[in-house]
Amino acid sequence: MYRALYAFRSAEPNAMAFAAGETFLVLERSSTHWWLAARARSGETGYVPPAYLHRLQGMEQDVLQAIDRAIEAVHNTAMRDGGKYSLEQRGVLQKLIHHRKETLSRRGTSASSATVMTPSTSDHHLDAAVSRQPNGVCRTGFERQHSLPSSEHLGTDGALYQVPPQPRRAAPTTPPPPVKRRDREALVISGSGGRTAIPSGGSSVSSGSSASSTSMDTLYTGSSPSELGPSCSPTPPPVPRRGAHTTVSQPQPSPSKAPSPEPPTEEVAAETNSTPDDLEAQDALSPETTEEKAAAETVVPRTIGAELMELVRRNTGLSHELCRVAIGVVVGHIQATVPASSPIMEQVLLSLVEGKDLSTALPSGQVCHDQQRLEVIFADLARRKDDAQQRSWALYEDEDVIRCYLEELLHILTDADPEVCKKMCKRSDFESVLALVAYYQMEHRASLRLLLLKCFGAMCSLDAAIISTLVSSVLPVELARDMQTDTQDHQKLCYSALVLAMVFSMGEAVPYAHYEHLGTPFAQFLLSIVEDGLPMDTTEQLPDLCMNLLLALNLHLTAPEQNVIMAALSRHTNVKIFSEKLLLLLNRGDDPVRIFRHEPQPPHSVLKFLQDVFSSSATAAIFYHTDMMALIDITVRQIADLSPGDKLRMEYLSLMHAVVRSTPYLQHRHRLSDLQATLRRILTEEEASPQCQMDRMIVQEMYKEFPDLGEVPS
């Protein structure tokens, strides 16, 4: 990386004008007096005089950024020309990519050895990068076009780019220098022993003796008064010209043996007489100040993740989780593809992970769009509920408007940030949720009721507190009444059973007044649907939904002797299909009622139901003999297979205890030896966890009540 000490402007073709302080990336040292360079700021390429440049150390990251900008400039120019690359553009790309590889390798070597590369070493690598070009020769023509075409040039190696295929062609050993004006002897070397004049007419250095790049950086002094920069010497060197005759310079000793020339007296005087403004300008160009400015500019606000989520969701309609995935994929790809942006992209990813709640993660003053829409929808639906005309014929004129509101509400509850939805539902002691329940009770149009049921189901998935509110509301009573009175609408009947199972899925206590509609008659109605079905139920979904509803409804009934479902079960003459479905669920180990992951988790609904069934001999008789044997097989196997400390093992032990107590198990003794061996193993377990202690207590109680279980088989 080089910085311009002086401003430069020339009428020569292919020469690049620049101001003092600009930084460059040297691509090729074409000759002693002209280097092919790329402007670090824009990626523009052209020939510059090395006498005007000063080498900067320890800026590999800036070099990589400059290379990437130059590559991008070449590709963009080619895209504007129809996607075709000229030979000159291919040559520039080749040099840029090779230089990038060398820079990455040098940075890796420097990091591993923890040493700083000296200027001579850096120059050696730069020269080696030039000498190891794939075509082995320097390209001719002015390589001014630049920048990056998208993915076709992304590679898998460290360079990340791949040069498009190009035909080989012969090239002169020296690049085309600026056109000759006149010969001049202009460059003066100020050494410790005196002055030596060197012809500047584009003389080429012989292969046997070339000046080192270290001495080249300090070789020329002076500046033109008309183009003098604030931190530059008053007299820059004259512009190098290519003369009509090429002059071979005299052999010079190698850089390691020759002493470095002293700085010219003019430059020393200029540095001594520098004004405070000049010193401030020099400080502004220092690498340390540049790095500090860059660090200050790359501070990523902590709200960037939430802002991106809001923008993507609002403009694409993707769900909250898909928005997070999309942003993470894009930011991660940028981080991997553009290494210079890695620190910034990492902060963006962290902000994306930390910003869980959009309503609080957004900058102060900004409100989440979904939150705004929920406020509008809840307020308008509440207004329509309280409308004095809602019981008149005019109510039916607003069906389309209400349907649009409910569809948008369902979309937001399903796809928006769950934290935002929970916040809006819990506002003012669940006022909005209770208003929707009251509106459902008043609304008789089937299409709107169906949308309301879907919204209630989406609300149940948000938080357990919303389920508690719905259990205590009039919704369960209204759903039970609606299911028994309107059995013709199959779709609404299915959704009513599903939502009611969701409401009862947490096993919370139901208000006593609800049993007027949720008592034994309702349980018998559900059992009849499971056993006999309904004529319009061609998909056979309704029996399974009613089965799940019975299991969920049984969760909050703690006393078996007062269990309305067990009472209905004992009165039902035939529950063959119900018992088979129950046995199938037990064999699978599934709990169809555990729909959500809310805490605290309720008991296993299938095991709880079977324990209540075998709490009485009247209900235990619903199983046929073969089904009973299969149930014992499953229970004994689960007790033997489950690990110590597993809560389910205690549930299966309690079930087996109830089976032995309420059925003639000791008469047929099915799988008795396996059961005895498992019970003995449980008693000898040394685990001290509360679950293991409870398991041992159940086994001891079984031995005490049924001594035959403790007998050692002969």
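Quick reminder: no glycine exception, Cβ is built from N, Cα and C everywhere.
When Ser233, Ser286, Ser689 are compared with the annotations in Swiss-Prot, the one labelled phosphoserine turns out to be Ser286. Per Swiss-Prot, the phosphoserine annotation among the candidates Ser120, Ser213, Ser231 falls on Ser120.
Considering Ser274, Ser319, Ser359, Ser673, the record held by Swiss-Prot lists Ser673, annotated as phosphoserine.
Per Swiss-Prot, the phosphoserine annotation among the candidates Ser224, Ser260 falls on Ser260.
Mean predicted confidence for the domain 'SH3' (1-58): the pLDDT average there is 84. For Ser673 (phosphoserine), the number of other Cβ atoms no farther than 10 Å from its own Cβ, over all displayed protein chains, is 10. Secondary structure of the domain 'SH3' (1-58) per DSSP (helix as H, G, I; strand as E, B; remaining residues coil): 3 helix, 24 strand, 31 coil.
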